[in-house]
Amino acid sequence: MKPGRDQGIYCPDCDGRVDREKLYHDWKMCPFCQYHFPLTADERLALTLDRDSFRPIAEGLLTEDCLQFPEYLDKIEQDRRKTNLQEAVLAGVGNIGGHEVVMAAMDTRFRMGSMGSVVGETIVRAIRYAHDTRLPLIVFSASGGARMQEGIFSLMQMGRTAMELGKFHRAGGLYISVLTHPTTGGVTASFAALGDIIIAEPRALIGFAGPRVIQQTIRQQLPEGFQRAEFLQDKGFLDLIVSRPALRETLLKLLNFHKGVRAIG
Amino acid sequence: MAKALDLEELTRLYELMMTIEHRMKEIGEDFSYEKQVLENRLEHLRKPLLGELSPWEKVMIARHQKRPTALDLIPHLFDDYTEMHGDRYFGDDPAISGGIAWFGDEPVTVIAQQKGRNTKENIKRNFGMPNPEGYRKSLRLMKQAEKFGRTVICFVDTPGAYPGVGAEERGQAFAIANNLLEMSWLRVPIITIVIGEGGSGGALALGIGDRVYMLEHAIYSVISPDGAAALLWKDASLAEKAAELLKITAQDLFQYQIIDGIIPEPGVGAHFSLTDTAKQIRQHLSLAIAELHSCEIAELIEQRYEKFMKMVRFTESEQTIASSAKPSILV
Ligand SMILES: [Zn+2]
């Protein structure tokens with residue numbers, strides 16, 4: 001917080017002071033520049049799904065300190081208390097305008113949305129559930145990358161999620177990947193990049209390497225708008241950029257196009 | 001500051017030890033005093049030379065300029081290696097060399113991450129850090145192998161996929177993700193050998209193998225120890241500590257069943273004898289290929305799937321901690 005400032009919320013993009021109450025009635029977007037503040041997984045589910053339609057799957061997966069990494073479980077415990085989540089992702093079944101879908105949403109408040117075993121396993125189970133129930137799959141990604149404290153097991157979740165998606169795609173399932181701010185590292189380079197349709201929220205940071213790492217490597221100024229959603233669409237990697245108020249309608253439209261489509265197990 | 005490993009010195013000492021060992025065999029019982037002296041010296045040498053190397057020492061060996069690269073090994077493993085260039089979209093990536101070769105009497109597809117062996121070559125090969133076109137070339141060659149029923153043999157040796165502007169513009173993440181998906185279901189056997197550095201997603205993009213081996217002193221990690229130290233403690237000089245915590249050695253990863261085997265290195269490391277290293281790799285390849293060929297392809301893919309699905313660690317509880325079941329209504 002800069003000196004002389006109150007406890008209010010400031011837009012990271014335009015620095016405008018945003019009224020908390022108003023923010024929550026405004027899709028959590030900046031009223032001045034439309035910056036999309038990150039949503040929690042709960043908020044994402046609530047904004048996307050029909051009221052009270054969500055039923056969780058893959059609950060009760062608990063993080064394990066597989067490498068005996070110092071302080072790891074303490075940090076997990078802190079984030080659990082802070083977020084009221086068990087891990088950095090929620091998954092379940094719900095409805096969008098009456099269409100039943102399997103949906104997962106990541107939450108960057110929890111270990112920066114990094115992907116360890118539990119995140120990987122939750123995504124794998126969501127894909128498998130969509131496969132077995134022949135439902136469309138929608139995943140909202142938001143991640144800082146790998147869960148360092150889980151070492152190689154974190155890395156392997158890239159392989160596992162991609163592998164399971166291969167099975168799902170082969171069976172003819174519909175997968176819509178929605179990239180939100182920020183989606184980087186191993187999540188981008190696995191399930192987030194493998195949608196039949198890939199959508200991003202405006203100005204979301206999307207990439208493999210983080211901008212700081214790239215800057216340190218090339219020691220040059222990064223181009224304007226580098227790794228933002230608009231940049232990625234321009235380079236040919238995003239089907240759609242959809243602002244938050246229109247997202248549910250867009251998903252509904254896409255689900256309608258695929259009404260007859262069912263994964264064939 | 002993490003201490004540097006003097007590979008030249010290590011090699012020299014190792015040679016000295018071999019000489020003493022040889023000399024001792026020549027000495028008869030009558031010269032027991034000389035024998036005792038030599039034995040004493042030997043004991044002093046053996047411990048640091050053949051005792052366990054620390055994870056950080058392994059990082060140094062894995063990254064060492066003198067360590068054999070894939071293109072050093074390939075002529076000792078295969079005949080008629082014919083390099084194929086380009087991804088047919090954008091360009092050819094010199095950080096990955098790929099092509100067709102004979103392994104014994106069988107044609108195989110070889111895909112190898114390639115570091116430079118000197119500064120000039122390193123600039124050309126981008127220090128073994130592939131761009132998206134490298135991964136797309138790899139996938140093209142794998143699909144070619146699938147069409148013609150060739151076994152795919154991948155050599156991993158990279159600090160990681162290149163973090164550059166062009167790499168991002170051309171979809172580094174998308175290229176890697178696609179490789180992971182396609183390799184998972186490729187209808188020919190895949191064997192991957194980590195010969196030096198296995199750096200993160202950039203290594204895994206060639207790493208979805210029916211058999212994955214590591215050379216004895218190779219490393220394989222989700223993040224470089226230097227990178228981890230910088231992130232965790234804002235201090236890259238703690239890389240030595242990070243190397244230990246991250247469990248990146250072949251021995252650790254074999255224990256976790258992430259890899260299927262460890263290929264022994266001669267003397268104090270692969271650089272000590274290229275031919276001995278190649279001989280060991282060749283034996284492992286022969287065995288693996290024989291095993292994989294005896295398997296129906298559908299069965300092979302099923303086993304590949306089952307193997308990777310086990311690479312996860314969590315506890316499952318009946319109870320749920322948080323009230324995550326009921327999202328709060330927002331709007
Ligand atoms: Zn703003």
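A Cβ is built for glycine as well, from the same backbone N, Cα and C atoms used for every other residue.
On a predicted model such as this, the values are computed, not experimentally measured, just so you know.
What TrEMBL says about this one:
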type	residues	note
BINDING	A:CYS11, A:CYS14, A:CYS30, A:CYS33	Zn(2+) binding site
DOMAIN	A:7-265	domain 'CoA carboxyltransferase N-terminal'
ZN_FING	A:11-33	zinc finger
At a 10 Å cut-off from the C-beta of A:CYS33 (Zn(2+) binding site), count the other C-beta atoms across all protein chains. 13
Across all chains shown, how many C-beta atoms besides its own are within 10 angstroms of the C-beta of A:CYS14 (Zn(2+) binding site)? 13
Neighbours of A:CYS11, A:CYS14, A:CYS30, A:CYS33 excl. site residues, C-beta within 8 Å of centre, Zn(2+): A:PRO12, A:ASP13, A:ASP15, A:GLY16, A:VAL18, A:PRO31, A:PHE32, A:GLN34, A:TYR35
